[in-house]
Amino acid sequence: MRFHIITIFPDIFDSYLNESIIGRAIKNKHISIKFYNPRDFIKTPQNNYRPVDDKPYGGGPGMVMRAEPILKAVESVLSKLKAKKLVKLKTIIFSPSGKKFTTLYAKQAAKKYTDIILISGRYEGIDARVKKIFKAEDISIGDYVLTGGELPAMVLLDSISRQIPGVLGKYESLEEERVSSSEVYTRPEILKYTPRGRGKKTKNYKVPKVLLSGNHKKIEEWKQRK
Ligand code: SAH
C-alpha cells in the first residue's frame, strides 16, 4: 500500500511513523508513505511562498485552504502513479462531518486499494471544489473537531496498515483474529497500592481468579463477556 499524504505540516508525522509496527512496516516495504506539501507547489518565480489559505466567500471567521495548491499537489501524485501498473486509487479528504471511519472501512480499504491519497485540511477546511474534482470521499475519525487533518491521516494510516498481511507479526495477527478482551492483566498477581496522603491504607488489587484458573473454556467465556 502506498500512502500519499497532502499536508502543509509534514513534520508532524515523523516520530510517530518511525516507531514500532508502522516503522517496521515501512522498513519491510509493506507500506510506503510520501508527503506532498501544497506550499511547495505555489512558489512564485522569485521563489517566495504564496499563502495556502484565503478568506471565505460569504464571510465568517477563519481562513479556507485554497484549491489550487492542493490540486497541484494531488496532480503530482497522479502523474507519478501513471507510470505504475494496476493502480487502484482512493482519494480521501478529512472533515469532521464526513463518513465515520471504522475498522471495517480499514479492512476493506486494505484489500481494495494500492494507493490512498489522504488530504489533510487546516483552518476552516479545504475549498469544496477539490473534493468534487477528484471525487474524494469525506472521512471523519469521530464526532469532535481537531485543528487539522494530520492526526486523522495518521489514524487511517495506522489502522489500514495493520490490516495489510505481514504488517503485524504472527503473534499480533493471531491476536486480531480471536476474541480479545479490553480488560487485560500482567504481573504481579497482587498489586499493592497506597494512595498518597496521611492515613491512607494500602489496598490489594488482585487479578481476577478465573484468569489464574488454567481453565481455558472458562477464561474464553470471561473474555467474551468482557
Ligand atoms: N469548521 C470546520 C472544521 C475545520 S477543522 C467544519 O466545521 O467542518 C480543520 C480541519 O481538521 C478539517 O478540514 C479536517 O481536515 C480536520 N479535522 C478536524 N476534525 C476532524 C475529524 N473529527 N475527522 C477528520 N478530520 C478532522
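Any Cβ shown, glycine's included, is placed from N, Cα and C.
Those TrEMBL annotations? Automatic predictions, nothing curated.
Features of the protein shown, as given by TrEMBL:
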{"type": "DOMAIN", "residues": "1-225", "note": "domain 'tRNA methyltransferase TRMD/TRM10-type'"}
{"type": "BINDING", "residues": "GLY121, ILE141, GLY142, ASP143, TYR144, VAL145, LEU146", "note": "S-adenosyl-L-methionine binding site"}
**Q.** Candidates ILE141, VAL145, LEU146: member of the binding-site residues with the richest Cβ shell (10 Å)
**A.** ILE141
Q) Given the binding-site residues GLY121, GLY142, ASP143, TYR144, and counting only Cβ atoms in the protein chains shown, which has the most within 10 Å of its Cβ? A) GLY121
Q | Binding residues GLY121, ILE141, GLY142, ASP143, TYR144, VAL145, LEU146 (S-adenosyl-L-methionine) - maximum C-alpha distance in whole Å | A | 16
